[in-house]
Amino acid sequence: MAIKNHILGFPRIGLNRELKFALEKYWSKKNTLEELLLIGKNIRKENWKNQIDSGMDYVTVGDFAWYDHVLNISMMINNIPERHNPNNHILNIDTLFKVARGSKGVDNNICSASEMTKWFNTNYHYIVPEFTSNQKFYFAWKQILEETDEALSLGYKVKPVLLGPLTYLWLGKVKNSKINKLDLLKKILPIYIQVFKELSSRNINWIQIDEPILVLDIPKNWKKEFQSTYKFLDGKIKILLATYFGDITHNLDIINKLSIQGLHIDLVSSKYDLLKLSKSINNNFLLSLGIINGRNIWKTNLLEWFYKLKDFMKINNNFWISSSCSLLHVPLDITIEENLTDFVKSWFSFGIQKCLEISLLSQVLQNNLDIKELKNWIKPIHEYKSSNIVNNTSVQKRTLKISSEQFIRKNEFSVRSKIQKETLCLPVLPTTTIGSFPQTSEIRKLRLDYKNKKINQLDYEKQIKIHIKKNIIQQEQLGLDVLVHGEPERNDMVEYFSEYLEGFVFTTYGWVQSYGSRCVKPPIIVGDISRITPMTVMWSKYAQSLTKKPVKAMLTGPVTILCWSFPREDISKEDICNQIAISLRDEVLDLENSGINIIQIDEPALREGLPLRTHEWNNYLRWAVKSFKICSSGVKNSTQIHTHMCYCEFNDIMPAIVDLDADVITIETSRSDMELLEFFKTFKYPNAIGPGVYDIHSPNIPSVQSIEKLLKKALKYISIQQLWVNPDCGLKTRNWTETSLALQNMLQATLNIRKEYFKK
């Protein structure tokens with residue numbers, strides 16, 4: 001019997017977000033490159049130690065990234081947009097950051113960052129590779145070798161990991177050219193061979209190559225390339241081909257013909273019959289079984305898996321046990337949590353605990369530990385199910401009573417829009433922001449002091465109102481048409497709302513990486529959800545009292561709250577979403593009754609939640625759209641409902657977006673140079689739309705000319721009566737200098753376009 005333990009990847013930000021703080025200090029020139037590199041090295045060292053101490057046979061190397069692991073491959077093969085490296089200089093870490101964050105080029109011209117979008121259906125974001133004609137690729141960035149040498153020098157058995165060449169090409173975009181991405185394979189594969197040779201010379205036996213596109217419905221020409229690609233790569237080192245996030249049975253005909261030595265399958269995302277599945281897989285492959293959920297934080301029922309694997313061992317006793325996918329998507333360590341009770345903590349496994357689960361199951365299977373260890377491990381699972389925290393009968397009854405009348409607006413958009421124009425009196429090309437304003441150190445300290453009970457509620461509310469007043473004054477001075485209160489009271493767009501909802505619990509240190517230095521702390525849904533008290537009414541009502549201009553209230557939508565939380569697993573996502581939607585409906589109606597005429601319900605995760613297989617889309621979109629409409633449809637015709645979406649491809653779900661029936665939708669488009677709007681050549685969007693005119697994720701200040709250019713491009717596809725003007729996203733991560741200058745330019749560009757329009 002030979003069972004090995006490993007994981008596909010490990011959280012990379014450090015126990016206390018050391019990577020985040022080191023990056024931000026480096027970008028603001030508050031620490032040196034040497035200091036940054038040392039912190040990265042220490043994080044990797046600690047990660048590998050944690051894996052070995054938790055019983056892994058291999059340490060996974062190559063999962064660390066300064067910004068993003070897809071960008072690591074772009075650096076490795078020298079796929080750097082010319083604007084960021086016009087003279088083809090030797091690459092360094094600053095090149096990487098220029099691609100990710102944008103920079104100033106020759107003559108102080110702004111070089112835009114590469115696009116950023118969601119990694120499959122997760123809340124992690126990757127930097128989209130750009131492909132152009134006549135690119136020259138070579139082995140330019142040797143991070144994978146340097147980190148392998150680091151781990152070897154510490155005496156570890158190393159399993160390197162790289163994103164596979166076909167998935168890398170699939171995720172990229174062709175820019176200003178008509179090349180076929182697959183034609184680039186012949187240029188890229190020799191670099192992978194170079195890496196394999198280097199690793200082989202270091203006596204590395206296995207390399208993990210991630211090809212998650214094998215869970216998708218990939219076209220025939222892509223399927224065809226898999227066989228020739230892996231035949232080309234065969235021979236230098238054993239390949240463990242890793243698939244995750246879904247079912248691969250529809251692509252087994254290709255996979256079984258590949259020249260690989262091992263196959264990782266995600267047994268969590270798709271509920272396979274393991275015995276049946278194994279009989280349909282090439283019996284020459286070593287199987288890596290992904291049985292520990294890498295995307296959620298609940299303990300695994302190891303006893304259930306013990307019996308399944310005992311049966312499996314009757315036909316195959318040579319396999320590996322692993323996480324379903326990289327543990328990048330979960331926090332690092334549950335044991336450091338201070339504000340959860342031991343009873344609640346016992347339900348969860350974070351990154352380190354997931355490694356322990358793999359090891360524990362492996363040891364019992366190999367008779368090194370008694371089965372009672374598994375029974376003890378799963379006791380909290382049974383205690384959770386019977387806990388009074390979980391079930392709320394009044395919530396369940398209200399959810400069952402949802403009727404079709406509750407998710408239909410009183411009149412169609414053409415009727416509503418006329419009434420809203422009379423109510424709001426907005427100009428052509430109305431200007432607004434997405435919601436948040438800079439979260440200064442003063443604001444963060446204020447919230448922390450209140451949380452730690454250093455100031456009382458009365459003083460806290462007084463100080464928050466001072467910040468709201470500053471935000472309103474600033475916006476009026478700038479000349480924005482629709483104002484926001486700026487969200488100084490909000491720590492996070494999901495956590496803030498979940499704190500007002502029964503059914504959630506919260507961690508103190510449960511951070512996960514979203515992109516680069518951006519980390520989020522997802523709340524955990526443990527029970528039925530209901531609103532405890534109004535969540536935003538007081539702040540929006542106060543902001544509206546300060547101005548005659550309309551103030552827009554901001555809520556996070558039900559799908560996004562679901563997708564950006566760790567959900568419970570005992571009921572369906574549809575049921576969870578409906579519970580959230582009912583709570584938000586109550587909030588929307590309270591806002592309307594308080595005199596708020598514009599209410600924005602953000603759904604940036606709508607596309608992210610889409611299943612990876614197209615045949616499952618309709619069912620998901622049915623309940624996702626329904627949940628939005630439950631929130632939004634109880635209002636009067638005069639109340640304008642907005643929604644906001646970012647980081648995603650909208651075109652394939654545009655009918656569903658229309659079905660939301662929001663009066664105004666704002667979307668992120670600036671990084672793609674309004675590319676998303678190409679869809680509107682053939683599709684007439686019926687309601688109003690605000691494509692983002694500048695990238696808030698970059699510190700670069702957009703020029704008036706660049707914004708005018710984007711607005712003119714948008715006007716080719718959208719009528720001026722439908723078009724709104726706004727940044728791509730909220731401004732919480734920017735400072736006030738950047739924010740003011742960018743908004744000034746946005747408003748000037750809008751005035752220029754208005755003048756030009758009225759001259760015609």
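Positions of Cβ are set from backbone N, Cα and C atoms, glycine also.
The record from Swiss-Prot ties His644, Cys646, Cys729 to Zn(2+), and of the options Glu616, Glu668, Glu756 it ties Glu668 to that site too. Together with Arg17, Glu18, Leu19, Lys20, Arg518, Cys519, Trp564, Glu608, the 5-methyltetrahydropteroyltri-L-glutamate site in Swiss-Prot holds one more listed residue from Lys104, Lys118, Lys421, which is Lys118. Of the residues Asp311, Asp333, Asp590, Asp602, Swiss-Prot puts just one in the L-homocysteine site with Ile434, Gly435, Ser436, Glu487: Asp602. Counting in whole angstrom, His697 (active site, proton donor) lies 14 from Cys519 (5-methyltetrahydropteroyltri-L-glutamate binding site) by their C-alpha atoms. Candidate binding-site residues: Cys519, His644, Cys646. Nearest to Asp602 (L-homocysteine binding site) by Cα distance: His644.
For Glu668 (Zn(2+) binding site) paired with Lys118 (5-methyltetrahydropteroyltri-L-glutamate binding site), the C-alpha to C-alpha distance reads 13 Å.
When the CA atoms are compared, the binding-site residues lying within 10 A of His644 (Zn(2+) binding site) are Ile434, out of the candidates Arg17, Ile434, Glu487. In terms of C-alpha distance, the listed binding-site residues Arg17, Leu19, Cys519, Glu608, Cys646 place Cys646 closest to Gly435 (L-homocysteine binding site). Across Ile434, Gly435, Ser436, Glu487, Asp602, which the record gives as binding L-homocysteine, the greatest C-alpha separation is 14 Å. A Cα-Cα distance of 18 Å separates Cys646 (Zn(2+) binding site) from Glu487 (L-homocysteine binding site). When the binding-site residues Arg17, Glu608, Cys729 are ranked by how far their Cα is from the Cα of Glu487 (L-homocysteine binding site), Cys729 comes first. Taking the Cα atom of each, Arg17 (5-methyltetrahydropteroyltri-L-glutamate binding site) and Ser436 (L-homocysteine binding site) are about 23 angstrom apart. Within 10 Å of Glu608 (5-methyltetrahydropteroyltri-L-glutamate binding site), counting CA to CA, the binding-site residues Ile434, Ser436, Cys729 contribute nothing.
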